[in-house]
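**Student:** Mind looking over this structure? Questions follow.
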Amino acid sequence: MGIKFLEVIKPFCAVLPEIQKPERKIQFREKVLWTAITLFIFLVCCQIPLFGIMSSDSADPFYWMRVILASNRGTLMELGISPIVTSGLIMQLLAGAKIIEVGDTPKDRALFNGAQKLFGMIITIGQSIVYVMTGMYGDPSEMGAGICLLIIIQLFVAGLIVLLLDELLQKGYGLGSGISLFIATNICETIVWKAFSPTTVNTGRGTEFEGAIIALFHLLATRTDKVRALREAFYRQNLPNLLNLIATVFVFAVVIYFQGFRVDLPIKSARYRGQYNTYPIKLFYTSNIPIILQSALVSNLYVISQMLSTRFSGNFLVNLLGTWSDTSTGGPARAYPVGGLCYFLSPPESFGSVLDDPIHAAIYIVFMLGSCAFFSKTWIEVSGSSAKDVAKQLKEQQMVMGGHRETSMVHELNRYIPTAAAFGGLCIGGLSVMADFLGAIGSGTGILLAVTIIYQYFEIFVKEQSEMGSMGALLF
């Protein structure tokens, strides 16, 4: 059934725009250039406003998810990476549940990736229609069918650009993946902005700067009571404070520390005697994939809940899914869940919120740990990183594990890889929860993603440099 499904969508995949694989080896300097161009296009799209919108000043229903999904409200990057990640989530769940079967052949892998891209484009259209029809840019009846269609086309073209930029990097023209690059850029930009933002906000305490560090110097300069000024800089509510900044740095350090945890399995060449090596199985075996997929799941749940709340306010089942409230305290207007399933799947705002509603905190912890472990375990089956796939790769390289025959390698790898995937997913979820409870800037999920992505790029740079043999190749 699975192969038939992939064969059915094959004609549709053939007409999709595609980036061709490079016919030659792309040099490191070229990869850096293409990565910079990709990032530049993304950042430009983040600043170009959508043409035709009447208003985007209403409460932002996806404020909490924008950092993670690399989206920017009212611009071409309104959807961010949400369509790509959502399509990946759907295809992974279908493959993990054996509803579709993905073989080991390059043909099946290519069809699977094509199906993911096709679903990504369909989801882009669907999300664009939902955003417009729910009144995010103004009343659709007042805007008219022409303007509504124009906004949908803009969002679709922008979504297609993101898909192709991601594919450009994944095909080997650049470094890493577009998804990772866009997420890390967005999160780091948010952290820097929250620390140094010169924007002023009117609060009950008077006019204050949004940036935590700028606010520290401003409070020390304007307050006569310096001790009180310091206390306010560390603990002020509804705006970034120094405690949030310290928590962010602490979480960065903890995640980098855990990145070094791994088990090295001894392997040796079956062809050449005396040639030994190790195969590392990291604690974060699936890296940040579990947290990305978990974010996609929650964001789509938010979209559905917001849409239903707008159309069927007061309905019991809709309220069971989620009830929402608007706030503009200490920043832009935003909507946040105050009841229903969406409330329990959203992180507590602070450690004080944990004490106020421990049931909410407990359900959130269980959801984060369980979903990250589940996505981590299922991801290895569809991404070519399971014990069977690794054993096949070692066999192709004519490498065997010390003290084991080729036939027993899969059994030995099965002792480590599924455990590393599940436990690594649990750790990722646990660290994300810890960062949320500490009040880290950019959310716990965002910090986890930023650190793991930056570490991935560090490893890519080290690998490229080792292949070139010297640091000199970094310079023109």
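Each Cβ is built from the backbone N, Cα and C atoms, and glycine gets one as well.
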**Student:** Identify the topological domain of Ser141 and of Gln275 in Swiss-Prot, and say whether both name the same side of the membrane.
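**Tutor:** According to Swiss-Prot, Gln275 sits on the opposite side from Ser141.
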**Student:** Counting Cβ pairs under 8 Å to the transmembrane segment (289-309), which of 118-138, 355-375, 446-462 comes out on top?
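**Tutor:** Comparing 118-138, 355-375, 446-462: 355-375 has the most Cβ pairs near the transmembrane segment (289-309).
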**Student:** Apart from its near flanks, which chain residues at least 6 from the ends of the transmembrane segment (118-138) lie with a Cβ under 8 angstroms of it?
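**Tutor:** Distal contacts: 9, 12-13, 16, 50, 52-56, 58, 61, 74, 78-79, 82-84, 86-87, 90-91, 148, 151-152, 155-156, 159-160, 163, 303, 306-307, 310-311.
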**Student:** Would you kindly list the residues that approach the topological domain 'Cytoplasmic' (376-420) from elsewhere in its chain, counting only those six or more residues past its ends and only Cβ-Cβ distances under 8 Å?
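**Tutor:** Tertiary neighbours of the topological domain 'Cytoplasmic' (376-420) are 91-93, 95-96, 102, 104, 109, 112, 263, 265-271, 276-277, 279, 281-283, 285-286, 289-290, 293, 428.
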**Student:** So what's the mean pLDDT when you look at the topological domain 'Cytoplasmic' (376-420)?
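**Tutor:** Computed over the topological domain 'Cytoplasmic' (376-420), the mean pLDDT is 79 on the 0 to 100 scale.
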**Student:** For the transmembrane segment (77-96) and the transmembrane segment (241-261), decide whether they are in contact, meaning at least 3 CB pairs lie under 8 A, counting pairs 6 or more apart in sequence.
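**Tutor:** Not in contact, no.
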**Student:** By DSSP assignment, list the helix, strand and coil residue numbers for the topological domain 'Cytoplasmic' (262-288), in that order.
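**Tutor:** Secondary-structure breakdown of the topological domain 'Cytoplasmic' (262-288): 0 helix, 15 strand, 12 coil.
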**Student:** So which residues does the transmembrane segment (241-261) touch in its own chain, when a touch means Cβ under 8 Å and the partner is 6 or more beyond its ends?
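**Tutor:** Sequence-remote neighbours of the transmembrane segment (241-261) are 191, 194-195, 212-213, 215-216, 233-235, 282-284, 427, 431, 434-435, 438-442, 444, 447-448, 450-452, 455.
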